[in-house]
Each structure stands twice: as C-alpha cells, then as structure tokens.
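Novice: For reference, the structure I am asking about is given below.
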Amino acid sequence: MAKEHGAMRSVLNLIGSVMLPQDTSNCSDRHDTPSAPEFLSHLQPFQTVLLSIASFSTTIVLCLSLIHWFYVYKYVSIEKRRNKLYWLIAVFPVACSCSFIAMCVPRTAVILTCIGVLYYLMCLFVIVSLARHLFGGRESFSTCLQYDDRPIDFRSPPFCCIIPKLPTARSTEKNIRRLEWCVLQAPIVRSIIIFLDVVAVAEMREDATPYIRYSDMASLCSLLLAIFGVHTLARVTSNKLSAYCFMSMFRLVDISLLFFSAQQPMIFQNVLLRFNLISCGPLLNAQENAYFVCNFIITCEMLLLSVLATWLLAPRHNAMFDAYRPSMALSETTASLNETEQSMILDH
C-alpha cells in the first residue's frame, strides 16, 4: 500500500513539475514583486515599447467591442439571444484588459489570469446555451439531430480526437444534458479552486505552493472536460447552425481561450523558463518577465482575433442579426423604386 502511495505521489509530482516547473533561473538576488508605481517608474526601454503597443491594442479592442455591442443591441431583436451575445462580445476586451493590467501591475498577473480563465469557462457554457436557444430548446435540439440521424461523436479534442474508433451515442435529451453539465462544471470548479487558493495563500503563505499545484492540476482536468463537452456539442450542431456563423463564433472563442490559458504554462514555463531563455531583470525575476511578455503577446492576439471576428461575424451574412436583413431588404426595395420612378420620368 505504501509503495502504491509513493508511486502515485511520484506521478503527481511529475505532472506538477511539467505544469509548474521550478524556477531554475540564476538570479543573484531574490526580491519581492514590485508594486505598480515602483515598476512603472523604473521601466526598461523594451518594457516601455511593449506597454505602449499593448495599450494601443487594448484601446482598439475596447473600441471594436463597443461597435459589436451597438450592432447586437440594434439588429438582434430577440432579448434572450442578445443577452447571450453580450457575454461573448466581452471575451476579447476582458482577456485583453486582464493582460494589460497584469503588465502594468505585476503582482496581479496570476489572479487576473485566473479571473480571465473563469470568464472564458462561463462563456463556453453561454455558447452551449446559445446553440440550444437557436434550436428552440433542448427537446427541439434532440429531435432535430435524431431526425437527421446525427449521433453524438465523442472523437473530440483535447484527447479523444486521436482515438480512431470510439462508440457514438444517440442524440437524446439526456445525453445532451450530460454534455452540457461537462461544460457547466468548469466555472463552478474553477470558482471553488480560486476561493480555496486565496484561503491557502492567506493562511500558509509560501507553504501553500504544493496545494496550489495540486489545485491547478484539478482545474486543468476540469478545463479539459469542459473543452471536450463544448467541442462535442459544437461538432454535432455545425451543419444546422451554419447560417448563424455559429462555428466561426465558437472557433474564435476556442482559439482565444487557447492563447489566453495555454501559452504561459506550455511555452513560457515549460520551454523558455525551463531552458533559461528568459532572464531576470532589475525589478522582475524570470517568471515575472515571462508573464510580462506573455501578456503582451495575448493583447496583440486579442486584437487580431477581434478584427477577424468583426469580418467573419458581420451582420450582412449572419442570420443571428435578424433585424438587419429586413432593413437591408427595405433599403434595396426603396432603391429599386427610386430607379423605377426615375426611368418613368425620363420616358415621359
């Protein structure tokens, strides 16, 4: 029994070292993370440039989100649909703002990342809820899929997609509800873990690191389950909701979640920091410099995705904006009538 317990602990430590590698940087002096006034008054030249670009990117993203909000408010007539879209509109500005604030206030980098991921997880459930709404409810959702003989295919990311043969399931209300719960559990679990982490840090200080590592592994498992659930549902609905640009909307949120949550642990921690490719600075250690650069990259990525969303989800080819097409038809009719009147006048 003791041998099995030791093996399990070794496996957990190995997974933890992959997720949160130890700081192997050769910083000569150890110091506390600087406050925002201290950091902003002693910026290095490259940090000034990155902050300037990040502030510009964040401003553009916020302006684009206001434009998106206006179009949803004006051209989406169904209030329930509007309220769901408001959540999704805020994805890019929330991620961009969290990253920019974390650049300016280094002490908040970890907590703002947690808050940003929590918002993303809530938006994943909003996407599932939006798909159910567009079908007219869960019963109609299930009936439509069964009528088209579309079973639930479990070969979805992050891991099941590499398994060649998996059994399918009937698209019943019960199975759809189970997939919805796979997505809904993620924000609930993340909220509980954030609360427990705050309590652990407040009570145990530096000794809370092992507990935070295990809680991060639990939240990662919860996140992967949510990604599996939302991908499985999205793939089933892709053909039926193409007029609403649903898959484009889902892919944009999915890719931005990947950028926001996976770059820091996978690229910066497990590659750049592990091999000492990011060094210490006068005020920030290697880990904090990694967060700074990663947050800058996220602001740029959110700007690109926001511009892409403006083009891909435009009302002119998106049935989600149900009040936009009648106005277009009215304007086209008015234009044709004016042309007819002018031709009649010229004939006379």
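Every residue gets a Cβ built from N, Cα and C, even glycine.
Heads up, here are the entries from Swiss-Prot:
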type: TOPO_DOM; residues: 1-49; note: topological domain 'Extracellular'
type: CARBOHYD; residues: Asn26; note: N-linked glycosylation site
type: TRANSMEM; residues: 50-70; note: transmembrane segment
type: TOPO_DOM; residues: 71-84; note: topological domain 'Cytoplasmic'
type: TRANSMEM; residues: 85-105; note: transmembrane segment
type: TOPO_DOM; residues: 106-109; note: topological domain 'Extracellular'
type: TRANSMEM; residues: 110-130; note: transmembrane segment
type: TOPO_DOM; residues: 131-180; note: topological domain 'Cytoplasmic'
type: TRANSMEM; residues: 181-201; note: transmembrane segment
type: TOPO_DOM; residues: 202-213; note: topological domain 'Extracellular'
type: TRANSMEM; residues: 214-234; note: transmembrane segment
type: TOPO_DOM; residues: 235-240; note: topological domain 'Cytoplasmic'
type: TRANSMEM; residues: 241-261; note: transmembrane segment
type: TOPO_DOM; residues: 262-291; note: topological domain 'Extracellular'
type: TRANSMEM; residues: 292-312; note: transmembrane segment
type: TOPO_DOM; residues: 313-348; note: topological domain 'Cytoplasmic'
Novice: Work out, from DSSP, the number of helix, strand and coil residues along the topological domain 'Cytoplasmic' (71-84).
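Specialist: Computed counts for the topological domain 'Cytoplasmic' (71-84) are 11 helix, 0 strand, 3 coil.
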Novice: Could you check whether the transmembrane segment (241-261) packs against the transmembrane segment (181-201) - three or more CB pairs closer than 8 Å, residues at least 6 apart in sequence?
Specialist: no
Novice: Ranking 181-201, 214-234, 292-312 by Cβ pairs under 8 Å to the transmembrane segment (110-130), which is first?
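Specialist: Between the stretches 181-201, 214-234, 292-312, 181-201 has the largest tally.
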Novice: Please work out which recorded stretch in 85-105, 181-201, 292-312 has the most C-beta pairs separated by under 8 angstroms from the transmembrane segment (214-234)?
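Specialist: The stretch with the most close Cβ contacts to the transmembrane segment (214-234) is 181-201.
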Novice: Mind checking which residues reach the topological domain 'Cytoplasmic' (235-240)? Cβ under 8 Å, same chain, six or more beyond either end.
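Specialist: For the topological domain 'Cytoplasmic' (235-240), the nonlocal Cβ contacts are 131, 135, 141, 144-145, 148, 150, 152-153, 156, 171, 246-247.
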Novice: Which residues, given as numbers and ranges, are at least 6 beyond the ends of the topological domain 'Extracellular' (106-109) yet have a Cβ under 8 Å from it?
Specialist: 33-36, 39, 284, 288, 291-292, 295
